[in-house]
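Chemist: Below is a structure I'd like to ask you about.
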Amino acid sequence: MNSLRLEPISRVAGEVNLPGSKSVSNRALLLAALARGTTRLTNLLDSDDIRHMLAALTQLGVKYKLSADKTECTVHGLGRSFAVSAPVNLFLGNAGTAMRPLCAALCLGSGEYMLGGEPRMEERPIGHLVDALREAGAHIQYLKKDGYPPLVVDAKGLWGGDVHVDGSVSSQFLTAFLMAAPMAAGDTRIHIKGELVSKPYIDITLHIMKQFGVVIEHDNYKLFYIKGNQSYVSPGDFLVEGDASSASYFLAAGAIKGKVRVTGIGKHSIQGDIHFADVLERMGARITWGDDFIEAEQGPLHGVDMDMNHIPDAAMTIAVAALFAEGPTSIRNIYNWRVKETDRLHAMATELRKLGVEVEEGHDFITVTPPTQLKHAEIDTYNDHRIAMCFSLVALSDIAVTINDPGCTSKTFPDYFDKLASVSQAV
């Protein structure tokens, strides 16, 4: 296995232009494929998850043209649901943002589709989405374990009606159903069971759907009303915002040891993860907001005790930033860390302890108490891009850190370590 040793960084300073958002890129690609008209997407993320979505769209008969640097994509929309005459086998890697929305969208049309992925994908739940789709008339069979991929969709259309989506595990189940529902034969009412996690990701979905001509009403995120028999219409040009989750590593670095500006997102961003900057500010960092940038500057950091359900991906970065704060930090209401690319709660606790950190791992929380002196460690990354990027921040201390399998960042940020080096000054 490859590893990368990061030597201590004395200071960070500079500006980072963020790659496109993974969440926005894959949602926009799917809607562009279903829409009437041609859509030009700019600042598209070039990463594994996006490549899996593009490969699937090719198999589904969608024509598109990708620029040489793969950040601009012109999609010729089908103007209808997907339809194939022969069975199609889609390999979606570990891309939840492709697996869940495609599972729902494929039910709208006709044909037989097998959806599978990497071994970890077979451990990531999809049962709550499948249950809801079946209520709306979908024909879906599991191939191995009930409630998990791989699965087969025998598409015969969705009729809508009253459906129930459990919102307590992942917001992607609701996102997937919301994007499919306007093209169902009838109107749909989606009733949310349990507490809806990661609400800001639903706001991203609703915002992008609106850009493609579909407006959805909801009653305080408990009940969603969607008119059926609608069509998505291309907005023409669609700019993908910079990835706010990816911004978190550079903003944290600035808060810990210098001053860093990220561009491509700003105070009007549709992504909830920009509120990561508010957490840094509560910890003592100095934050400046612009229309197209966020800047974080070093301040004396202190621990916090916060519910971070609204920023689950960026909250991982707080767990490592906490090593540079005075006192303990508790991150709460993050059960859905356990159903991400790996069981992130267990993985973060395990790797933090290697550094000599006192960690309490609960069912849905983690408490981190920094030691007086960190220890050098080899960090295992569990094929999880965010673990690799989070733990790179340990190099802002007076010790080196070794990241195993650094290439796993290709899921969302292939040149992350180059970008980090560009704003880093060695000790």
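Cβ atoms here come from the backbone N, Cα and C positions, even for glycine.
What Swiss-Prot shows for this protein is this:
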- ASP313: active site, proton acceptor (ACT_SITE)
- LYS22, SER23, ARG27, SER170, SER171, GLN172, SER198, ASP313, ASN336, LYS340: 3-phosphoshikimate binding site (BINDING)
- LYS22, GLY96, ARG124, GLN172, ARG344, ARG386, LYS411: phosphoenolpyruvate binding site (BINDING)
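Each of the listed features needs to be described in terms of its position in the shown structure.
Modeler: Within the same chain, residues at least 6 positions away in sequence whose Cβ sits under 8 Å from that of ASP313 (active site, proton acceptor) are SER245, SER248, ASP273, LYS340, ARG386.
Taken residue by residue with DSSP, ASN336 (3-phosphoshikimate binding site) is part of a helix.
Within 10 Å of the C-beta atom of GLY96 (phosphoenolpyruvate binding site) sit 23 other C-beta atoms, taking all shown protein chains into account.
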Chemist: Select one residue from ARG27, ARG124, ARG386, LYS411: among these binding-site residues, choose the one with the most other Cβ atoms within 10 Å of its Cβ.
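Modeler: Counting Cβ neighbours within 10 Å, the top one is ARG386.
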Chemist: Of GLY96, ARG124, ARG344, LYS411, which is closest to SER171 (3-phosphoshikimate binding site) if I measure between C-alpha atoms? They're all binding-site residues.
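Modeler: Closest recorded candidate to SER171 (3-phosphoshikimate binding site) by Cα: GLY96.
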Chemist: Work through the binding-site residues one by one (SER171, GLN172, ASN336) and point out the residue whose CB has the fewest other CB atoms within 10 angstroms.
Modeler: ASN336
